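Enquirer: Swiss-Prot lists 4-22, 30-50, 60-80, 86-104, 114-134, 142-160, 190-208, 298-318, 342-360, 364-382, 405-423, 427-447 (among others) with the feature transmembrane segment. Look at Swiss-Prot and you will find 23-29, 81-85, 135-141, 209-247, 319-341, 383-404 tagged as topological domain 'Extracellular', backed by sequence analysis. Summarising the annotation, Swiss-Prot assigns topological domain 'Cytoplasmic' to 51-59, 105-113, 161-189, 269-297.
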Amino acid sequence: MPFLIMLLFVGAIGFQVSFVSRSTTWDMSIAGWVLTGVFILYTAFGLFSNRLPSQMADIIWLYGTATSFSKVVYSVLFFSVTWKALLWIISAIFGDVLIVLLSGDHINLLGRSIIFVGLFFIAEVWLMSVSCARTVKKMKRVYVLVFLLMLGIYSICLYRFFFLQHSSGIWESIARFISGVGLVFDTLSPLYVVVFIGIITVSFMTIAFTSRQVEMKESLVKEAEFWEEFQERQFGSGQIIQKPKTTWWGLQGLNGIWSFLWLELLLFKKYLFFHSIHTVMLSGVFYVVIFMYPEWFYLLFFLIVSAVMLSSYYSGIVRHSQSGTLHLFPGALWKKIIILELTNTVWLYILYCVSITFMAVGNLVYWYIYGLGIYIWFMTIRLFAFTHTNRNDIKLSLPQYYKSFFMALGLSGICLYVIHLLTADWYTLVVVVCIGSLSWCLFYRFR
């Protein structure tokens, strides 16, 4: 945990120094569109994820305590806002000190961070209110309708304002309002003060209303029952011989080495709507980037790959290993690891191939092989981080995992860069990556 806190702290300081320090040169209209988009994303996160206690032990405590449920919600909200605000303010102080030491200038990042803390507060309160609303059916329908309405209006305005380069009537007024949100970093007009106060008021009213509903606690009980059943399946379903079952899509069940994928499919079924929306939105973003802003494609793809890489600790392989299913279910360990990693990451390579095809680049076969080499390198780092950590720490603690992860990433990156300097040929680099990764997998198989 200290390692993760240090990583977040260093990242926050870097963001403050490299990005927030230049806030006076920002295009405030673009900042307004970004802030509005983030607000809509927060609404989606609140609708599709639970920010409230969801473990059975927590639910039992909630039913047995004399404390009102609204106080529990406010406590969770207070903790979420406090640690993020402290991280941001302290990183701003260190950023100011760093800039003064390096350049002698005083930019006052601390003063600017107050604005971000206020935006954090509004976003977190709204996120908690939406998460509370999802536990009550009628409120959930209202918020889903609000989310779809905001997403639709935002998409239409974005298309008309940036792609058609003109808008008229009500769309122009809405686009001007969205662009004006970015002015909070400069001057705060009374209109946006009223809007922000309105969002906070609606959020607290939603929290107060839903926390008094019995349906909210019942929904949390169902959530806790699901995770309790999920854990029981993980710990209690490691039988070598299993009878064929029928899956929820009507085909024969997964047996043998594929049996542990039942748990992944169970989670996929639970969040089917979220995954569908995620796929549609990601496809839409890539369509816009490829055909309208192709120069941004590599940055977008790099950010997605980086997010998947850095979140590898929460992937299926670590989760199954910690629960025991990776070792209890039938099949060779290395086969189960490879199958599980492929099912969790192969979509990245498919997305890369489809995107490259639509971008109409020359010599597609070369770029497919190039992408395959990078994908194998990507897989190798994840496999090394897991196996090295599992060998030294059977509990797979987060700090130990990321130490192995960054060690593999750094050493392999240095080796690849040296090879690139010596050969000056990216094709040679890809071949080396493929052969080296294949050799590593073979050595692990016959170790």
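Note: Cβ is positioned from N, Cα and C throughout, glycine not excepted.
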Enquirer: Would you mind listing the long-range same-chain contacts of the transmembrane segment (114-134), meaning Cβ under 8 Å and 6+ residues beyond its ends?
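Expert: Distant contacts of the transmembrane segment (114-134): 20, 35, 38-39, 42-43, 45-47, 49-52, 73, 76-77, 80-81, 84-85, 88-89, 140, 142-143, 184-185, 196, 199-200, 202-204, 206-207, 210-211, 216, 219.
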Enquirer: Which range wins on Cβ pairs under 8 Å with the transmembrane segment (30-50): 142-160, 298-318, 364-382?
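Expert: Checked against 142-160, 298-318, 364-382; highest Cβ contact count belongs to 142-160.
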Enquirer: Give the nonlocal contacts of the topological domain 'Extracellular' (135-141) in its own chain as ranges (CB under 8 Å, at least six residues past its ends).
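Expert: Answer is 47, 52, 206, 209-210, 213, 215-216, 219-220.
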Enquirer: Residues of the same chain, at least six outside the transmembrane segment (142-160), with any C-beta under 8 angstroms of its C-beta?
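Expert: Non-local partners: 33, 36-37, 40, 43-44, 46-47, 130, 133-134, 166-167, 171, 174-175, 178.
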Enquirer: Please give the sequence-distant neighbours of the topological domain 'Cytoplasmic' (161-189): residues at least 6 beyond its ends with Cβ less than 8 Å from one of its Cβ atoms.
Expert: 23, 26-36, 112, 115, 119, 153-154, 292
Enquirer: Quick check on the topological domain 'Extracellular' (319-341): DSSP residue counts for helix, strand, coil, in that order please.
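Expert: DSSP composition of the topological domain 'Extracellular' (319-341): 18 helix, 0 strand, 5 coil.
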